[in-house]
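S.K.: Annotation comment: TrEMBL describes 1-23 as region 'Disordered'. Per TrEMBL, the feature domain 'Aminoacyl-transfer RNA synthetases class-II family profile' maps to 23-313. Residues or ranges marked as L-histidine binding site by TrEMBL: 84, 85, 86, 112, 126, 130, 257, 261, 262.
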Ligand code: HAM
């Protein structure tokens with residue numbers, strides 16, 4: 001816009017209608033679903049002490065080392081804007097002494113200082129669920145299925161589920177040593193970051209996007225080759241349950257995820273239509289995280305899904321031509337009070353209603369009703385007031401009818417229904433196949 005003094009910061013977005021409404025629909029689909037699986041909402045602060053993220057997401061993950069928004073506040077505290085939901089949830093569970101097991105879900109903004117590109121923002125929305133205190137592989141499978149059903153409900157077809165296991169405290173060190181030896185022998189082929197990773201956390205090399213590194217890890221020892229019997233059984237049970245649920249998935253030996261707290265099961269939902277940032281969501285088990293926060297040994301598993309990426313790949317639902325909104329039109333200033341009252345009555349009946357107080361003439365009010373994409377106008381003039389009858393005009397068909405005052409809410413509702421102005425929920429065959 002010419003003359004605009006400030007634009008929004010790089011990597012952020014505005015959501016104006018109807019995108020803001022679509023986003024809310026996605027959030028609401030998620031909330032409803034999470035609640036049907038027994039999760040309850042948790043709201044944690046948008047910023048935490050920097051140590052919360054360092055302790056959990058890890059000192060070797062790119063998210064913590066390169067992407068955190070960390071700042072010192074006026075009181076000299078080091079704080080970090082939430083880069084993901086999980087660490088704050090774990091901190092809050094301990095701080096509020098929630099009795100486990102506890103299933104929690106969240107919806108909220110996250111911040112990562114990455115290079116903005118398609119599907120990658122500096123502020124983005126995450127929706128996620130965390131099952132704290134649940135150790136069974138069946139919970140892992142249920143959560144993996146949850147994400148799948150969520151995407152299917154939104155009409156997203158192009159989504160592959162990848163799963164892997166990265167082992168536990170018992171088996172991981174053996175794998176780490178083998179991987180370290182393998183990488184040391186080939187360190188000339190690795191990028192500078194990966195050379196450092198050999199020592200700090202060689203698993204991170206699997207995540208590197210540099211082509212020579214990708215080639216080099218192709219034949220590297222994978223975590224799955226080193227799983228201990230308990231981890232092996234756990235992973236087999238996860239897979240057996242996914243199959244039982246009729247869910248199609250791929251195993252990916254190189255999937256390790258970019259956060260340090262995972263153990264055993266890790267998974268990701270990939271969409272080919274997203275380009276380089278192809279992960280719609282991901283998660284896994286984190287059986288040591290609660291302990292790392294100073295709590296008792298407690299298993300946990302969860303998933304988080306990116307709202308922007310989900311919206312990018314979900315099919316556009318045709319916007320209804322008209323909104324479920326009734327515009328109350330007054331003919332002369334004498335009826336303004338009655339218009340105001342009628343609008344309030346409709347609202348208390350749960351019907352959205354609006355009055356144009358600024359317009360001088362009826363024509364202007366009809367224009368406003370049209371600009372607001374209202375479904376109908378209810379006209380109040382001196383005659384209407386005297387007879388207790390309103391004239392109801394359908395703005396889609398142009399048809400007009402006389403409605404007794406006491407029936408107005410019912411008639412407006414019938415008109416909304418006739419226009420079918422409400423967006424229809426999406427259900428496709430995949431949902432029917434997966435939904436119990
Ligand atoms: P994550 O894979 O880092 O996992 O993020 C989850 C999702 O958030 C990604 O798949 C993506 O859709 C979205 N996302 C991440 N970064 C960005 C970005 N810069 N711009 C747009 N979208 C983004 C976690 O955050 C874990 N806490 C998941 C989890 C929950 N694990 C266990 N419980």
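Placement of Cβ uses the backbone N, Cα and C atoms for every residue, glycine included.
Note that the coordinates shown come from a computational prediction; the quantities given were computed from them, not determined experimentally.
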S.K.: If you skip the near sequence neighbours and keep only those at least six away, which residues in the chain come within under 8 angstroms of residue 126 (L-histidine binding site), Cβ to Cβ?
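M.R.: Once residues fewer than 6 apart are set aside, residue 126 (L-histidine binding site) is near 84, 85, 106, 107, 108, 109, 110, 304, 305, 306, 307.
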S.K.: Among the binding-site residues 84, 86, 126, 262, name every one whose Cβ is found under 6 angstroms from ligand 1, counting any of its atoms.
M.R.: 84, 86, 126
S.K.: Provide the number of Cβ atoms within 10 Å of the Cβ of residue 262 (L-histidine binding site), excluding the reference atom itself.
M.R.: 25
S.K.: Kindly assign residue 257 (L-histidine binding site) to one of the three DSSP-derived states: helix, strand or coil.
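M.R.: Its secondary structure by DSSP: coil.
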S.K.: For the domain 'Aminoacyl-transfer RNA synthetases class-II family profile' (23-313), what's the model's average pLDDT?
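M.R.: When the pLDDT values over the domain 'Aminoacyl-transfer RNA synthetases class-II family profile' (23-313) are averaged, the result is 95.
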S.K.: Could you list the residues of the same chain, at least six apart in sequence, whose Cβ is under 8 A from the Cβ of residue 257 (L-histidine binding site)?
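M.R.: Looking at Cβ-Cβ distances below 8 Å from residue 257 (L-histidine binding site), excluding near sequence neighbours, one finds 166, 207, 266, 268, 282, 284.
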S.K.: Going by DSSP, is residue 126 (L-histidine binding site) sitting in a helix, a strand, or coil?
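M.R.: The residue in question, residue 126 (L-histidine binding site), is strand (DSSP, three-state).
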